[in-house]
């Protein structure tokens, strides 16, 4: 409550003192009384500089909250990759946060600056009810998102069949229905609001102890407990999957080394990406490749010309692939897998057989970009084929998956950290104040700061839940007409 104290003003002769009402100072007096700050004729309770800083700061928070949550809603309904059932939880969360920004925050800004409620008792009751409703819906939507992620991770096959549009909409309806059940009791009498209401009566949440316990449990402490258990389980499952994928990555590396050892003889230095091999045993040599058809040679020649043009412009560098050995009456051929990759990229393989030496060369243009070597003493040229072997592809996919799992674990920590930092101070204050004596009550500025700390969670939610999602980032850029 803002108490307007009457100030004693000294008379010119000093014989007596008279009290002047605060209204007399609004227009100033003959003795040079200072005019209190006002906006549009409404007296303010704080200095003008504080009014400006507070108004700009809080208005910026409101603007960020509105823009961010509107972008989330539009992204889900306009960007096709985001039109999936689980994203309706994000839409429900965005709607709750949007109502906080539109229906709750502006009245709090005015109340913070004026320090009096000038909108009447009906608007006061509706504002407080809307405050509890929307903030509770925002928190319960966070809880629903946590449960959805938990079921999707711990039971992915069964939950994928259960996660239907009807089920998701039913969960969202339950969130809003439960929020209404928690926020509505003060409207039907469970409150300690005064019977008479004027502009000096504070518009504040009821401090009726029974309702405070009831609403704080339903709005925060029970959802916090559920989210903590769920995210701990998700974190444990994520760490377990990280360990499993790390083991799979090590196994894949061992398989890669084994395959490389089998593909390259001991007399020839092995390379992870080498695709050419030769053996001295006639029985172990693969049969020479069949000569390509005229049509295939024509297409290969055409592709080779394109590769050569690119090379001349400095945009392409053909890999040299050479493997040789001294054998008698044997032909050395490129393995079938490597040959297929080379044919796709426009390379041609030529094999020359003599009685003393075998030369295998790979050319990438009609100008005979050929690397060859005769004799068995020269070391082979390292091979760098353009195509990626299967085991390298699997290893790359596992590496990407490990990176995603680590980011997911880090995201869980950010979600819980932001939620607790924003809302825990408010609900601790909300529960403690009704049970303590007047001397332990916090100052109005501290109350306002803690309240807005909770509101800020509505501005951060669209950032947290979308900044780590590539599809949402693309949708935002598309909506804002940013070039990607």
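Glycine too: its Cβ is placed from the backbone N, Cα and C atoms.
The membrane topology recorded in Swiss-Prot splits residue 113 and residue 154 across the two sides. As stated in Swiss-Prot, the feature transmembrane segment covers range 127-147 out of the listed 127-147, 253-273, 274-294. When the ranges 194-215, 216-237, 304-325 are checked against Swiss-Prot, the one recorded as transmembrane segment is 216-237. Given the ranges 88-109, 330-351, the record in Swiss-Prot names 88-109 as transmembrane segment. By number of Cβ pairs under 8 Å, the transmembrane segment (449-470) is matched best by 55-77 from the list 55-77, 127-147, 168-190, 216-237. Long-range contacts of the topological domain 'Extracellular' (434-448) within the same chain: residues 108, 112, 115, 207-209, 212, each at least 6 residues beyond the stretch ends and with a Cβ under 8 Å from a Cβ of the stretch.
Summarising the environment of residue 124 (disulfide bond), the number of other Cβ atoms within 10 Å of its Cβ, over all protein chains shown, is 19. Within 10 Å of the C-beta of residue 203 (disulfide bond) we count 20 further C-beta atoms, all protein chains included. According to DSSP, residue 124 (disulfide bond) sits within a helical segment.
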